[in-house]
Structures are given as structure tokens and as C-alpha cells.
Amino acid sequence: MMLELNGLHAGLRFSSAHIVFGHPTCGVIHGHSYYVDVKLYGERAGDFKFVCDFKIIKKIVKEICDELDHKLILPKNHEHVYYELRDKTLYFKYENKEYSIPVEDVILLPIPSTTAEDLAIYFANEIADRLKNLGFSNINWIEVSINEGIGQGACYRKYLEVK
């Protein structure tokens, strides 16, 4: 059975800035008002025969959104971006451009870029880990869509081990 959350209507949103390093137009700091759609597919389980209680999955997704909200999102695993942390300031460099920003205004994610595609993978992995930590073992897959606005987004499906 499938459970579905529409991020636009469920309030699963965050506003962040990012840079797609090397891209001709998106390679400058710019922002989006993102919303996150989530689908879970799995077996019904527990006393109430839920795939997952809506309150639980909404709380998980909202927590991740809140971690990214009003931050500059940067890719920790980009092979050509160099980072240095000094005195509560993050310095970073890509090609001939150098930046500095207070560390509390930035979040470094373990992804190679900050595209909607890589953010979808990040969200799916985070949701999977958090559900696993809560003891969920009945979910076959998680699908996450990261929407940069109405009508454009990227979707990723992560398959899980069911026990």
C-alpha cells in the first residue's frame, strides 16, 4: 500500500539559497522556495495497520526541511570546491571565485552538488535512516520529489530492505 504526502499542501517547505558550481546561469548564489513530496510504499503493520502514521513521516520531513530553511546549501562532496573553517566563518573557493559566510548561515550536505536531483537523494536517504532508527522495517521504497517551484522538480526512489 502507498502513502503519499503533497508537500505544497502539507506545508513541507523550505526556502534556501544554493550554487550549482560550473553551471552558466545557476552557478551564482540564488534561491528557491522548495516543497517536498513524499511517497512510501510498504506493508501495513502495527496496531492500526498503517504503512506509517502520517504524523511520524510529516515530522521527519519537516525536521529535514527546517534544517535547510534559510540556509545557503553547499555540497560537501563536490570535487572542485575547497572549504576552510576559521573563526566561525566558512571560506570556500571554486575556480577563481572566493566566498566567505558566517557558519550559522550555511549547511554543508554530503552530496556532490545542490541540484534538485541530489537534494532528492539526500532527503530519501535521511528519511530512510530516520525511519530505520524508529524501528520501521515494513517499507519497500521511499520516493521523494524536490520541487524548486510549481511545475519543476526532481524525483528519486530509494528501495529499502524489508524484514
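Using N, Cα and C of the backbone, Cβ positions are placed for all residues, glycine too.
When Cβ atoms from all protein chains are considered, those within 10 Å of His32 (Zn(2+) binding site) total 18, not counting its own. Following the DSSP three-state reduction, the secondary structure of His32 (Zn(2+) binding site) is strand. Taken from Swiss-Prot, the feature Zn(2+) binding site covers His18, His30, His32.
Around Cys26 (active site, proton acceptor), the C-beta neighbours below 8 angstroms that are at least 6 residues distant in the chain are Ile19, Val20. Marked as active site, proton acceptor by Swiss-Prot on the basis of similarity to another entry: Cys26.
Neighbours of His70 (active site, charge relay system), defined as other CB atoms within 10 A of its CB across all chains, total 11. Sequence annotations record features per position, and here Swiss-Prot assigns active site, charge relay system to His70 (among others).
Swiss-Prot lists Glu148 (among others) with the feature active site, charge relay system, giving similarity to another entry as the kind of evidence. Within the same chain, the residues at least 6 positions away from Glu148 (active site, charge relay system) whose Cβ sits under 8 Å from its Cβ are His32, Tyr34, Ala116, listed in sequence order.
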Measuring Cα to Cα, how many angstrom lie between His18 (Zn(2+) binding site) and His70 (active site, charge relay system)?
11
In the same chain, which residues outside the set His18, His30, His32 have their CB within 8 A of the centroid of the CB atoms that define the Zn(2+) site?
Ser16, Ala17, Ile19, Cys26, Ile29, Gly31, Ile73, Thr114, Glu148
Out of His18, His30, which has the highest number of nearby Cβ atoms, where nearby means within 10 Å of its Cβ, if these are the binding-site residues?
His18
Rounded distance in angstrom between the Cα atoms of His30 (Zn(2+) binding site) and His70 (active site, charge relay system):
12
